[in-house]
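Worksheet for the structure shown next.
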Amino acid sequence: MNIDFPFQQPSLYGYKLNELKSILSPAFRAKQIYHWLYHRYENDAMRMDNISKTMQNYIREHFALSQIYPIRVEHSIDGSKKYLFETYDGHCFESVLIQMRDKKLGHKGEVVESEKWTMCLSSQIGCKVGCAFCFTAKGGFVRNLHASEIVEQVVIMKKDNQMAPHKRVNIVYMGMGEPLDNIENVTRAIEILSESEGLSISARRQTISTSGIAPKIKQLGKLNLGVQLAISLHAVDDKLRSQLIPMNKAYNISDILTEVRAFPIDTRKKVMFEYLMIKGVNDDLKSAKKLLQLLNGIKAKVNLILFNPHEGSTFKRPEINDVRAFADFLIKRGLLCTIRESRGIDISAACGQLREKVKAENVSCETLT
């Protein structure tokens, strides 16, 4: 069992159930504790009232529970929420909860409305990749988040929104950081979150988004977790992509697509290619044609994202008519393509807007306790 804990005491959120069973006696206590952590969202051992005082004291003495603390949540007019977390060592990072509502016809012809939740998790404090369009990159890199800190983001957001333990949510590793630069902790978090006795969030409902570290895509594929893959492509030639994403100089488009073609994907799923559209940079039909050629033979879905303005950037948001023309070009030629509806722009929670810096802004926010 190789668990990297930076704390004086290891966090219970960093253990898989079988690992906890191997260190607690009797072993059934592990299942009880898992139930308290992930079904009751309890983070105080002394309130776990179906375990003995001896076990409560043992947990308190040998383990930590909360290692990240929600210090603020901002509410968007579209229902999204941005959470600001502080870590045990005094750093801050952000995650986003996205609420979407679906309407469909019921079996009697009535309109049925349902809500869907997506949690956009951070994997690092800051980021090393340095994408030219991303606000996170402006703050530099601080450190990796540990598996327990990734898992606890989900627990806190579920608890704060009074979600049932097995309420279906989608997880996207698209917050702060490059997930494959922290692959050990991210994949451990995926396994913990998918534990059937815990939150039971299937790996098929979890998506790792990467800027394209080709060897790590290969490593992830060999683990065969069943997780979904998203590639932050954003350009169709290496010259432009290297300007937007400096890592492209190490792992170019061809390197990335070679590993994508070999990546194990559920027969019902597709690899998502994220394409950030920037006015006058990559939003023309010539780029659409090249993108179509690049993805030929790949089970692909293209997600077009409109650039979200942020402090210090000279890039501009594209015209919606250009975005629609780009999408129509791909769709008419058989490539599945969607235009992402940006969520949380008013609270700087949209794609590319997250950053560690705590800003004194006049926004609707509350302190969590």
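The backbone N, Cα and C atoms fix where each Cβ goes, and this holds for glycine too.
Look at Swiss-Prot and you will find Glu94 tagged as active site, proton acceptor, backed by sequence analysis. Neighbour density for Glu94 (active site, proton acceptor): within 10 A of its CB lie 26 other CB atoms from the protein chains shown.
Per-residue pLDDT, averaged across the domain 'Radical SAM core' (113-346), gives 94. Swiss-Prot lists 113-346 with the feature domain 'Radical SAM core'.
Residues or ranges marked as disulfide bond by Swiss-Prot on the basis of sequence analysis: Cys120-Cys351. The Cβ of Cys120 (disulfide bond) lies under 8 Å from the Cβ of Ser95, Val96, Leu97, Ile98, Val172, Met174, Gly175, each of these being in the same chain and 6 or more residues away along the sequence.
Taken from Swiss-Prot, the feature [4Fe-4S] cluster binding site covers Cys127, Cys131, Cys134, and the record attributes it to sequence analysis. Cys134 ([4Fe-4S] cluster binding site) falls outside any helix or strand according to DSSP and counts as coil. If you draw a 10 Å sphere around the CB of Cys134 ([4Fe-4S] cluster binding site), it holds 24 other CB atoms from the protein chains shown.
Among the features that Swiss-Prot reports, S-adenosyl-L-methionine binding site is placed at Gly177, Glu178, Ser209, Ser232, Leu233, His234, Asn308, with the record citing sequence analysis. Secondary structure at Ser209 (S-adenosyl-L-methionine binding site), taken from DSSP and collapsed to helix, strand or coil, is strand. Shown in sequence order, Val172, Tyr173, Met174, Pro179, Ala230, Ile231, Ser232, Met272, Glu274 are the residues of the chain, 6+ apart in sequence, with a C-beta less than 8 angstroms from the C-beta of Ser209 (S-adenosyl-L-methionine binding site).
Here Swiss-Prot flags Cys351 as active site, S-methylcysteine intermediate.
Nearest Cα neighbour of Leu233 (S-adenosyl-L-methionine binding site) among the listed recorded positions (Glu94, Cys127, Cys131, Cys134): Cys131.
Taking only the Cα positions, the spacing between Gly177 (S-adenosyl-L-methionine binding site) and Cys127 ([4Fe-4S] cluster binding site) is 4 angstrom.
Here the C-alpha separation of Cys131 ([4Fe-4S] cluster binding site) and Asn308 (S-adenosyl-L-methionine binding site) works out to 14 Å. In this structure, Cys131 is the one among the binding-site residues Cys127, Cys131, Leu233 with the smallest number of other Cβ atoms inside 10 Å of its Cβ.
Taking CA atoms as the reference points, His234 (S-adenosyl-L-methionine binding site) and Cys127 ([4Fe-4S] cluster binding site) are 18 Å apart.
Between the C-alpha atoms of Glu94 (active site, proton acceptor) and Asn308 (S-adenosyl-L-methionine binding site), the distance comes to 17 Å.
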